[in-house]
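Under the heading domain 'MsrB', Swiss-Prot lists 7-129. Summarising the annotation, Swiss-Prot assigns Zn(2+) binding site to CYS46, CYS49, CYS95, CYS98 and lists sequence analysis as the type of evidence. Feature annotation from Swiss-Prot assigns active site, nucleophile to CYS118.
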Amino acid sequence: MANKPSAEELKKNLSEMQFYVTQNHGTEPPFTGRLLHNKRDGVYHCLICDAPLFHSQTKYDSGCGWPSFYEPVSEESIRYIKDLSHGMQRIEIRCGNCDAHLGHVFPDGPHPTGERYCVNSASLRFTDGENGEEING
């Protein structure tokens, strides 16, 4: 795992929601994320360490209320953890570089993978492929 900023640094530099999601395994309310409707070409990075996580070409509208992707940039970019919280069986996804909470992956996505990476906007930074503009979720 990469060197992660201290909790004090993160609290100072992140919004309350970004800290809650990435550090406390929280979930932003559905349909509220800043990157949910983003359709621009580019790359979605981890908000904490800037590691690339998802290409915009793999993003799709799943209707679930959070940005959804059918595959990460690489298997190493994501860490998978069994999550039995809230009386459910799910697979939590975290940044493979810094361990920040991203969301969950479900086996109900489109081809070619059949997976839906359901990701909190608050855990992402989008970099536009054309002009390099960055948008924090």
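Just so you know, glycine gets a Cβ as well, placed from its N, Cα and C.
The structure, with features from Swiss-Prot marked on it.
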| residue | record | DSSP (3 states) |
| --- | --- | --- |
| CYS46 | Zn(2+) binding site | strand |
| CYS95 | Zn(2+) binding site | strand |
| CYS118 | active site, nucleophile | strand |
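Cβ packing within 10 Å was compared across the recorded positions CYS46, CYS49, CYS95, CYS118, and the lowest neighbour count falls to CYS49. Under DSSP, the residues of the domain 'MsrB' (7-129) split into helix, strand and coil as follows: 28 helix, 40 strand, 55 coil.
For CYS49 (Zn(2+) binding site) paired with CYS118 (active site, nucleophile), the C-alpha to C-alpha distance reads 19 Å. If you measure from the Cα atom of CYS98 (Zn(2+) binding site) to that of the residue listed as 'active site, nucleophile', you get 19 Å.
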